[in-house]
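Worksheet: the structure to be examined is printed underneath.
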Amino acid sequence: MSFRTIEWRDNKVIMIDQTRLPAEEVYNEYTDFQGVAQAIRGMVVRGAPAIGIAAAMGVALGAREIIADSFDTFYRQLENVCEVIGRTRPTAVNLFWGLERMKRVALQHKELNLNSIRELLKAEAISIETEDLAICKEIGRHGAALVKEGASILTHCNAGGLATAGYGTALGVIRGAHEAGKGIRVFADETRPWLQGARLTAWELMKDSIPVTLISDNMAGWLMKTGQIDFCVVGADRIAANGDTANKIGTYSVAVLAKENRIPFYVAAPISTLDLKLANGDLIPIEERASEEVTQIKGIQIAPEGVKVRNPAFDVTPARYITGIITEKGVVRGDYERELKALVGQ
């Protein structure tokens, strides 16, 4: 891939600014955890796995900012750093997974001096990024096996290299099928209101010379009905124990339409996106974002001033609409509650 979503370089976090794509390919530098938190909140970086990496790197930066003379003081301040970052995006469970992993590293090495702990936290954050790339390629390998030769694939939002350390989850499946020479083509929903499909997915696939056609969100059902879609694959921000899946708003509609038209609908996500503490999707917190994201496009007002707006960033697709969940350890189908627990060794 010709871009890097996020990386640690010279004690700085470097992120591609996804709010400026596709017009400009700009990389921002962050030297403190507050900047990283603002980048997560402001959608400079987005996508559950990428948010988890950013959160971990933000903690590593925060650890370098802490002035303390004991581990207890250091750890209390580290928890404050995690709390600030944790308030940015409540739905993506990878965010909290990354924070907990960083806190665990600090606690496991509390007998070391603080500079050594800071270095271990930096190393852990970098490891999370490295691991994610390998995980996405495994997801792509498992998912590509499900795709038939010449398939037309529909995807929603962006679950690609921009949403991960690289390669992607849903787009990892697409990349895997493309690399296997299956002659696929992709239909990308534009994905209002942030237009991740139009701005990001189309940009990524075009850079990789994967055939892609952009469609408006309300075209998907008609394309399915007229036999133009063979396979649907999306990412996930949180998956409950029963397989209910939170993903970008509009995913539920795609899943229902796919089932109505007898088209397989798959979710592609790493195991870190599972939240087996939640029995079902009704318990997943749904982020509500600013009304201006709906009433404006690039600062231009497109709706009447003062109109009431709902802007949930995510919806929850019940497990009954999901053909299978593609993870780095394989594909889970059917009895999600039992199979997801088995996948993580519970």
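First residue shown is number 1, and so on along the chain.
Any Cβ shown, glycine's included, is placed from N, Cα and C.
Since we're looking at a predicted model, the values are computed, not measured.
Annotation source Swiss-Prot lists substrate binding site at Arg46, Gly47, Ala48, Arg89, Gln196, Asn247, Lys248, citing sequence analysis. Per Swiss-Prot, site 'Transition state stabilizer' is recorded for Cys157. Residues annotated as active site, proton donor in Swiss-Prot: Asp237.
Feature map: Swiss-Prot annotations on the structure.
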residue: Arg46; record: substrate binding site; contacts (Cβ under 8 Å, 6+ apart): Gln18, Ile40, Asn158, Leu162, Ala163, Gln196
residue: Gly47; record: substrate binding site; contacts (Cβ under 8 Å, 6+ apart): Asn158, Ala159, Gly160, Leu162, Ala163, Thr164, Gly235
residue: Ala48; record: substrate binding site; contacts (Cβ under 8 Å, 6+ apart): Ala92, Val93, Asn94, Leu95, Ala163, Gly235, Ala236, Asp237, Arg238, Ala269, Thr273
residue: Arg89; record: substrate binding site; contacts (Cβ under 8 Å, 6+ apart): Ile40, Arg41, Ile51, Leu95, Glu287
residue: Cys157; record: site 'Transition state stabilizer'; contacts (Cβ under 8 Å, 6+ apart): Asp189, Thr191, Gln196, Gly197, Thr201, Val234, Gly235, Asn247, Lys248, Gly250, Thr251
Gln196 (substrate binding site) has its Cβ surrounded, within 10 angstroms, by a count of other Cβ atoms equal to 27
Quick tally, other C-beta within 10 angstroms, Asp237, Asn247, Lys248; top of the recorded positions is Asp237
Residues other than Arg46, Gly47, Ala48, Arg89, Gln196, Asn247, Lys248 within 8 Å, Cβ to Cβ centroid, of the substrate site?
Ile51, Ala92, Cys157, Asn158, Ala159, Ala163, Gly235, Asp237, Ala313, Phe314
